[in-house]
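According to Swiss-Prot, the protein carries these features:
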BINDING   Asp14, Asp328, His329  Mn(2+) 1 binding site
BINDING   Asp287, His292, His340  Mn(2+) 2 binding site
Amino acid sequence: MPDKFKRVHVVVMDSVGIGEAPDAAKFGDFDVDTFGHIAKHVGGLKMPEMGKLGLSNIREIDGIKKAEKPLAYYTKMQEASNGKDTMTGHWEIMGLYIDTPFRVFPDGFPDDLINQIEEKTGRKVIGNKPASGTEIMAELGEEHVKTGALIVYTSADSVLQIAAHEDVVPLEELYEICEFCRKITLDDPYMLGRIIARPFVGEPGAFVRTPNRHDYALKPFKPTVMDALKDGGKDVIAIGKISDIFDGEGVTESIRTKSNMDGMDQFIAVLDKDFNGMSFLNLVDFDALFGHRRDPQGYADALVDFDGRLVEVMEKLTDDDLLIITADHGNDPTYSGTDHTREFVPLLVYSPRFKNGGSELELRKTFADLGATVADNFEVKMPEYGTSFLKDLK
C-alpha cells in the first residue's frame, strides 16, 4: 500500500474479549467468552455498525449478522504476556512483552504495608479487602467521615485504591498519600500495577465519586510505540485512562473522560482536529461498571450504545484515517468471581480508503502486532515485539 495514513485511531473496548484463549486454563479460566456469553444472555446483540465492519466474521456473535462484504479487515489477537490485566494488555498493544505478572492481593494487603501507610499518614486504615468501590464507599463511608480513617481496598487487578471524602481528606493530601504508596510498592514483594486515588462527596447513604480520580501507574520498563511516535515528532493523543496506564510516557496530549459516552464525545471531537499521529481511546465502563460487577445486561446495553456512536465516527473519517478497534483482555460477566478472563480480543481495521472492503487477516499471536503496524505506518522505530500487518491492508 503506497501511501501511509496521516492519522491512526486505536479504540480499546476495555475487557471486550471474544472467546477463551488457548492458555486460559493456566489463568484459572474455563469456557469464558465475554462477547459470546453476553450476546447469548440477552438473546442476541443489536450492533449493526460492528456487524458491517466484520465482527461476526471473526466468529459468529448471536444477533450480529456475518457481513457478506465486511468493511474492515478482521481477525482476533492472542495475548502473549503473562497477565490478563489492563496494564499488561495495553503495554503489549504498544509493543512490550510482560513476563512477570503484576501482584494481586485477593485477601487484602499484608500488615507490613498497611502499617507503613498508617505510620506515614497518622490515619488508621479500614477495609483492606477486594471490593467494588461503590459498595465499600456505602459500607465504610460513614465510619470514614466520623474517624478520618482511610478506606483502602483492592480488586481482581494489581491495584491499591484509597477512597476518601473530599471534606475529610483534602484532595492534595489524598494525592500525597497515594504518591507515598506508589513509592513503596514499585518492587517486590508488592509490585503493584496501579495506586488509585478515589475521592468522593455527599452524605451517608448518598455518597458519590467525583471525577478527581487519579491513577499512579508504573512507568513502562522500556520505550513503547508511543515513545517512538512522540520522538518522531508525531502526535499521541491519549483519551480516557490511556495516559494513566502509561504514566504519561509517550503522550503529547491527554484528554480525561467521565464515561464511555463522554469518551466517544471526546474522540469524535479529536477527529475534527488536524493532527498527524495516533489517537488512543480507552472505554473503561465495559470493564469497571459491567464486567467486574457481573452485569451482562448492563454490559450488553453499553455495547449497543457504543455501536450507535460508530455512525458519527465513520462519517468523520477520510482516506487519510485508519481506525483500529480492539480490546485489552476479557471480563466475562456471566463467569464466576469478579476477575478478568484470559481471552482472544477482536481486531477490526477500517479506512474509507478500502474501496473493496476488508478481508480476514492472519490470527495475531501477540497484541504487539497492532503497535508494530502503527510504528510501520509512521516510519518510526519498530518495537522489539510484534509484526506489522500494514502491507496486508490494500
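The backbone N, Cα and C atoms fix where each Cβ goes, and this holds for glycine too.
Remember, predicted model here, so these are calculated numbers, not experimental data.
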Around the Cβ of Asp287 (Mn(2+) 2 binding site), other Cβ atoms within 10 Å, all chains included, total 27
Nearest by Cα to Asp14 (Mn(2+) 1 binding site), of the binding-site residues Asp287, His292, His340, is Asp287
Within 10 A of the CB of His292 (Mn(2+) 2 binding site), the number of other CB atoms across every chain shown is 21
If you tally other C-beta atoms within 10 angstroms for each of the binding-site residues Asp14, Asp328, the top scorer is Asp328
DSSP says His292 (Mn(2+) 2 binding site), in three-state terms, is coil
Long-range Cβ list for His329 (Mn(2+) 1 binding site), cut-off under 8 Å, min separation 6+ in sequence, same chain only, gives Ser15, Gly17, Glu79, Lys84, Asp85, Thr86, Thr88, Gly89, His340, Thr341, Arg342, Glu343, Val345
If you measure between the CA atoms of Asp328 (Mn(2+) 1 binding site) and Asp287 (Mn(2+) 2 binding site) and round to the nearest Å, you get 10
Cβ neighbour count (10 Å, all chains) around His340 (Mn(2+) 2 binding site) is 31
Other than Asp287, His292, His340, the chain contributes near Mn(2+) 2 (Cβ within 8 Å of their centroid) the residues Asp14, Ser15, Thr86, Ser155, Ala156, Asp157, Ala288, Gly291, His329, Asn331, Thr338, Asp339
